[in-house]
Amino acid sequence: RDPFRKQRKRTTIIRVVYVIAALDVTWMFLQFSVTPYLAKKLGFDTLWFGYLQTTVGVIQLLGGPIFGRFADIFGARAALSLACSSTVVFFLLLAIAENPAMLFIHKLPTVFMHVITGEPSQMVVADLSAPEKRAEALSKLGLCFGIGMITGSTLGGHLNTRFGETFTAYFGAVGSAFSLLLVFKFIPKTTKSQASRTNKDSENKKKSIFNVGEITRLLRFPGVKRTFLVKIVAGLPSGIFQVMFSVIALDFFKLRPEQNGYLMAYFGVASMVVQGGVVGRLTARYSDNSLLLLAIGVSSLVGLAQAYMQDVFQFCLIVFPMTFSLSVFNVITDSMLTKSVPSSDTGTMMGLCASVQSLLRTVGPTVGGFLYVHYGISSIGLIQCVVNVAVFGHLLQRHLRRTAEHQQ
């Protein structure tokens, strides 16, 4: 009876984490309906808004691994509490931002805002799910992303239109405080297994959160460095397209704000369908290596389609395969990396995974802006196609060689 009770408790915690993650994404997309308009009011042009985005990328790039290490040492509750508290401060600073300097200052709490983009939520799900079910459990966080994306975009648009930026920012602060209450009520101090906790507790406490050696040590585990390299190289071109999308929607597709909101909601629906109905079933039936090859292969075709698209209707046709390749790629690489390290280090590993996303957000606006201005939108798609074909060829060759070795 005790094992059943433990399993039920684990399931409840994972479900609460899904709710917290969905709320976090809702508040994130809520602020997306505030920041661009507030920046425009404060006199920001496209270049300065790019600097603002790059600032967030740099802050989260530095914060990701350190925050993951914090989660491993101090546990899930402390990490999620810090993340949600930072979100509250973030929205309060946004609400009182009345000059360009304050708009930059309000981004500082993003150093700890990693509820769904990385460590705490993914660490809890990775810790409490069985290794064979891990990819499926992590994919459901993507479903939460889709729900939050639709809710946040719609709610943010309505609140901003009716009550203005300040009210919407205060609403986000109250919502984030509610998420914090859920953390205090339902999330345990730690989600690590007893054996892992006993082995690691004493030595973890002695080590600094800022211990770079402890963070880079994970790269020495078998297969980690290679998977990481694939995550960065294959993920960079699609990451550039994502960070440039607001410019593409405005400049290339000529979308008005409400049309852009509908397109974001369509993205959310696509994400929910793919994450909720497709990824989980695929991870249950096929190996991680096969799915990684599939994701990279589809991504190369998506890049080719992006290079030749002419209007928003054609882009809508590309959205589902694009969402599929991104979802499978991120879920599988995260799953492979967490399986490669001990349970006591899953938070730090998730921090490193989040840093890859932050790296893309840091270099993406600069590289993407250069390509878009000088060579047009087709250059971004063609680079994605070429890079992913090269990575696909390398991985397929390696996969076939290993298969041949096993048969001998």
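Cβ atoms are placed via backbone N, Cα and C, with glycine included.
Residues or ranges marked as domain 'Major facilitator superfamily (MFS) profile' by TrEMBL: 10-405.
If you look up TrEMBL, you'll see 12-34 (among others) marked as transmembrane segment.
Residues or ranges marked as transmembrane segment in TrEMBL: 46-67 (among others).
Taken from TrEMBL, the feature transmembrane segment covers 79-97 (among others).
As annotated by TrEMBL, transmembrane segment applies to 167-187 (among others).
Under the heading transmembrane segment, TrEMBL lists 228-250 (among others).
The annotation transmembrane segment is assigned in TrEMBL to 262-284 (among others). With a threshold of 8 Å between CB atoms, the same-chain residues lying at least 6 positions outside the transmembrane segment (262-284) that come near it are 29, 135-136, 139-140, 142-143, 145-150, 153-154, 249, 255, 291, 312, 316, 319-320, 323-324, 327-328, 331-332, 335.
TrEMBL lists 291-309 (among others) with the feature transmembrane segment.
If you look up TrEMBL, you'll see 372-396 (among others) marked as transmembrane segment.
Beyond the transmembrane segment (12-34), the same-chain residues lying 6 or more positions past its ends with a Cβ under 8 Å from any Cβ of the stretch are 80, 83-84, 87, 90-91, 94, 115-116, 121, 124-125, 128-129, 137, 140-141, 143-145, 147-149, 151-153, 155-157, 159-160, 165, 168-169, 171-172, 175-176, 178-179, 182-183, 186-188, 191, 261, 264.
Only sequence-distant pairs (6 or more apart) were considered; of these, fewer than three Cβ pairs between the transmembrane segment (372-396) and the transmembrane segment (167-187) are under 8 A, so the stretches are not in contact.
In the predicted structure, the domain 'Major facilitator superfamily (MFS) profile' (10-405) carries a mean pLDDT of 82.
When Cβ-Cβ distances under 8 Å to the transmembrane segment (79-97) are tallied for each of 46-67, 167-187, 228-250, 291-309, the top count falls to 167-187. Outside the transmembrane segment (291-309), and at least 6 residues removed from its termini, the chain residues within Cβ reach (under 8 Å) are 230, 234, 237-238, 241, 282-283, 315, 317-318, 321-322, 324-326, 328-329, 332-333, 336, 377-389, 391-392, 395-396, 399.
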